[in-house]
Amino acid sequence: MPLYLTDDQDMLRDSAKGFLAVKAPVAHLRKLRDADDAAGYDPALWKECAEMGFTSILIPEAEGGLGLGHVEAGVVLEEMGRNLTPSPMLPTAVAAVAALKKGGAQHRDKWFPKIASGDATVALAIDEGAKHDPAATAMRAERSGNGFKLSGRKRFVVQGHTADMLIVAARTAGSAGESDGITLFAVEKGTAKMTADPRRLADSSFAAVVEFDGVELDADAVIGEVDAGWAPLTAMLCAGRAGASAELLGVGQGTTDQTMAYIKERKQFGVIIGTFQALQHRAAHLYAELEVARAATLKAQQLLDDIVDEKSADRARRAVHTAKAMTGLATTLAVQEGVQMHAGVGMTDEYDVGLYMKRARTLAELFGDTNYHADRLACEAGY
Amino acid sequence: MPDIDLDSFRAETRAWLEENCPPEMRTPAASDDDQCWGGRKFTFQSEAQKLWLERMAAKGWTVPDWAPEYGGGGLSRAETRVLHQEMARIKARSPLSSFGIWMLGPALLKYGTEDQKREHLPPIARGEIRWCQGYSEPGAGSDLAGLQTRAVSATDEGGDYYIINGQKVWTSYADKADWIFCLVRTDPEAPKHKGISFILFDMDQPGVEPKPIRLISGSSPFCETFFTDARAEKKDLVYEENKGWDVAKYLLGHEREMISGMGHGGGGKTLPQMALDSVGVGAGGRLADPLMRAEIAMFEVRAAAYRAQAERFNDEWKAGRINPAVSSMMKYYGTELNKRRNELAMQAGGTGALEWESEESNGGKSARDWLRSKGNSIEGGTSEIQLNIVAKRVLELPG
């Protein structure tokens, strides 16, 4: 398959671009923020996203979805990144769907229709420390009667305060640092002894700190196999990381497009500042970094869509590490150059570039930053 | 989708390669000197090398996608890909390394007359004539269009020709080449881009004098080449007089692609392996030097991402859906990465990598490669020139 979008994927991009430019441009984020909105996103818009088919992309056709792939999910997420659209798309329709595909029919039958229709959102409760490290999961799930009892604390649960269901990684065996012994659970909103404390982040999005104070769950709540949650967790994180890469790319491209437009019109010393070689060379370097990140992202998405066996899954996983690491580098550069090239006005709240910088920082941390993924690749390569 | 024709082509190709590729040619070439460059002055290093070239040339497979009348194999794009895959499968090395194939060929196919193609392309395909490129001059580096080598029209009983005087520099393998494709000034009065012509001529004449250049890495394929009343036939003018800059630009695009692919998958040890061998393993099976490990890991991210970009660029190029100026971005990024890789290799090798002549260091290979790599972002247009091109022709920045 050639490494560029097919005609159908191009069409999907155009339709997502058109829809989001009208319904959810950066002004939409500003409106929610300035109204001190407590949800973090607009449920009516989310419903419209579902009507557009965005929430059904990764759900198999046989289960009421569109049966499309990570390339298509990425196309939509990139446009959301470009518009800084607040939405539960990434955790719900991308990461959670990938995990539930590896889970039992009871989860898929229950959640796929609601996700597809825009009537349910899902959040992921994985991280416990300040940095992403799923193998370090320490939170315990003790066997209790016919089920499990969860105790512990999760951090950075994006949109955790509004989600209808949380996918929680907890340890049923082994100890922190081991990939074996982790189990994934589906925990519904309103479950007793679970409390979500939403924290507003720098980019105006919300992530919750979720306390589990002996939360009792049926055995049915397990997604996949007990002690062997690493497989669905990996599928979920790969989908989430590829999606986050696409969204980051959209953030980087969106801010860069604005920056290029700005330096083509701003005048100092009587000339357009975009004529200065000092800016031209940095702009061209930034362009190169973004293009390389775009290729890495598309490669990861295509490989995720082509998984047929363990070998191809490993290859896809490594490509996802590369994509998330590289988009982190490229978009971080894009927002920094964006503010610097906008100069004074880049520091003002009135201009969008600062909003892009904030969003980029959140997405850079989500599902592991560049250092995390570079480290994983190094470990896998044996050094 | 199964393609019956392509499947049978693959089977035939596999069988033919199995039978005709000598075992000695199924290992990567160790260096430039180990490759087959062909030409009148070339001495084959082995019978196998000679046989491999002859057999491949007879099939037209030194240039599989050129038309048979030009010495090519007449293969479709898909068949060419299959051939390359099947060659890679048995690790067959390229039968012929050639500036004629990589650079002049594409330019002649686009700009040459039918007579020129029929005269010059088959000897390139067969490895009989080796070419070099006369572009840069001492006073015309980044400002290539400022070149001063003069070509003046003349006529004698042999026909119409040009008398050429001047000096080229960085002419790779000029001392080993048979012919040169050369940029010369035919109209000194015109604006600089509009007075240049693209001309071909034989190097085997008294007025052509190549002199090798010694680099910081040691001896090199580069030469200075002096022309004193050298002769070029008018029939060997490519495209029109004073329109050579169009040909030059087209050809530079090919050169940039070639250089941007350098230093990748070229056999030998990977950077992490070099580092492990040199500084050893520490806690948790990780490289003993954690800061070096971090630098290498970050390099490897960019290298892997760039491999994807090279694949994407190639796919988009073939589909004709890319701005040709993007090749400048590829040249910039690829060569900067290669320099970085060599810096890290030196750091990983430590004091061992400093050795310049010892057998253990393979004649100072690390150090010489490191120094030589510094030229990657200079030759074929400096990184700064590539960034200028991207800024203006891709980002459309003003001025």
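In case you wondered, yes, glycine gets a Cβ from its N, Cα and C as well.
Note: TrEMBL annotation is automatic and uncurated.
Annotated features, as they stand in TrEMBL:
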type   : residues  : note
DOMAIN : B:8-128   : domain 'Acyl-CoA dehydrogenase/oxidase N-terminal'
DOMAIN : B:132-229 : domain 'Acyl-CoA oxidase/dehydrogenase middle'
DOMAIN : B:242-395 : domain 'Acyl-CoA dehydrogenase/oxidase C-terminal'
REGION : B:356-375 : region 'Disordered'
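Tertiary proximity for the region 'Disordered' (B:356-375) is limited to same-chain residues at least six positions away from its ends with a CB under 8 Å from its CB atoms, namely 215-218, 220, 263, 338-339, 341-343, 345-346, 349. DSSP places the residues of the domain 'Acyl-CoA dehydrogenase/oxidase N-terminal' (B:8-128) in helix, strand and coil in these numbers: 73 helix, 0 strand, 48 coil. With DSSP classes pooled into helix, strand and coil, the tally for the region 'Disordered' (B:356-375) is 9 helix, 0 strand, 11 coil. Each residue of the domain 'Acyl-CoA oxidase/dehydrogenase middle' (B:132-229) gets a DSSP state, and the totals for helix, strand and coil are 6 helix, 57 strand, 35 coil. Mean pLDDT across the domain 'Acyl-CoA dehydrogenase/oxidase C-terminal' (B:242-395) comes to 91 in this model.
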